[in-house]
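Q: Not my notes, these are from Swiss-Prot:
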- Thr89, Thr90, Glu108, Phe109, Asp133, Ala134, Asp153, Ile154, Ala155, Gln156: S-adenosyl-L-methionine binding site (BINDING)
Amino acid sequence: MSEVITVKQTNMENIYECEFNDGSFRLCTRNLVPNFNVYGERLIKYEGVEYREWNAFRSKLAGAILKGLKTNPIRKGTKVLYLGAASGTTISHVSDIIELNGKAYGVEFSPRVVRELLLVAQRRPNIFPLLADARFPQSYKSVVENVDVLYVDIAQPDQTDIAIYNAKFFLKVNGDMLLVIKARSIDVTKDPKEIYKTEVEKLENSNFETIQIINLDPYDKDHAIVLSKYKG
């Protein structure tokens, strides 16, 4: 296996780039829980610090960063509501980034999958798993505070509407949303670019200002991620 030569801070807080002796580069985050990985990712020791390799083929946020995300609203101390947290791959890296003074509320609908998320959260006190349906934010309103960032990665035809509805409950004015648009979950017959355009129009008609749209290919085919700011 290739060995790490250097680890450098990127222009995004708490996100690093690891360079290996085979000439390759990988994103990584500083491991909040040393000696433990989450999804089989490589642990990298460099100058007394342990980092976790962040696989862009397993995490759409990592893919977005490698595809040119201009700014990452998730930083040290950020409060995040994550819809579609699944078994914890991406939210574990969010946990590394926000550190212990941040909070990541992870909503997941599948009882089987949320059990895996609970195992991740047992070692990471800044992750708060919630077994809930994102279509009904009223059901977790009593436990989720207002957040700085809403991250949405759910495979539903009305995924954008669900995101907007949750923003009305939880996202601070001038907060940021990262919405993963899964074109094939919305309409398998349409050109993904047309779907992205339609979904962005929905956001803009609901007081969101579009900052950036990123096509996630080759990391995730027929997916885009939209960064927008909520105007309330």
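One is the number of the first residue shown, and numbering goes on along the chain from there.
For all residues, glycine too, the Cβ spot is worked out from N, Cα and C.
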Q: Where does Ala155 (S-adenosyl-L-methionine binding site) sit by DSSP, helix, strand or coil?
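A: Where Ala155 (S-adenosyl-L-methionine binding site) sits, the three-state DSSP reduction gives coil.
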Q: Who sits close to Ala155 (S-adenosyl-L-methionine binding site): which same-chain residues at least 6 apart have their Cβ under 8 Å from its Cβ?
A: Gly84, Lys182, Ser185
Q: Looking only at Thr89, Thr90, Glu108, Phe109, Asp133, Ala134, Asp153, Ile154, Ala155, Gln156, the residues listed as binding S-adenosyl-L-methionine, what is the longest Cα to Cα distance in Å?
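A: Farthest-apart Cα atoms in Thr89, Thr90, Glu108, Phe109, Asp133, Ala134, Asp153, Ile154, Ala155, Gln156 are separated by 20 Å.
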Q: Hey, which of the binding-site residues Glu108, Asp133, Asp153 is the loneliest by Cβ count within 10 Å?
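A: Comparing Cβ neighbour counts within 10 Å for the binding-site residues Glu108, Asp133, Asp153 gives Asp133.
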Q: I want to verify one value. Collapsing DSSP to three states, which class is Asp133 (S-adenosyl-L-methionine binding site)?
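A: Looking at the DSSP assignment, Asp133 (S-adenosyl-L-methionine binding site) belongs to neither helix nor strand, so coil.
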Q: Among all the protein chains here, how many other CB atoms are within 10 A of the CB of Thr89 (S-adenosyl-L-methionine binding site)?
A: 22
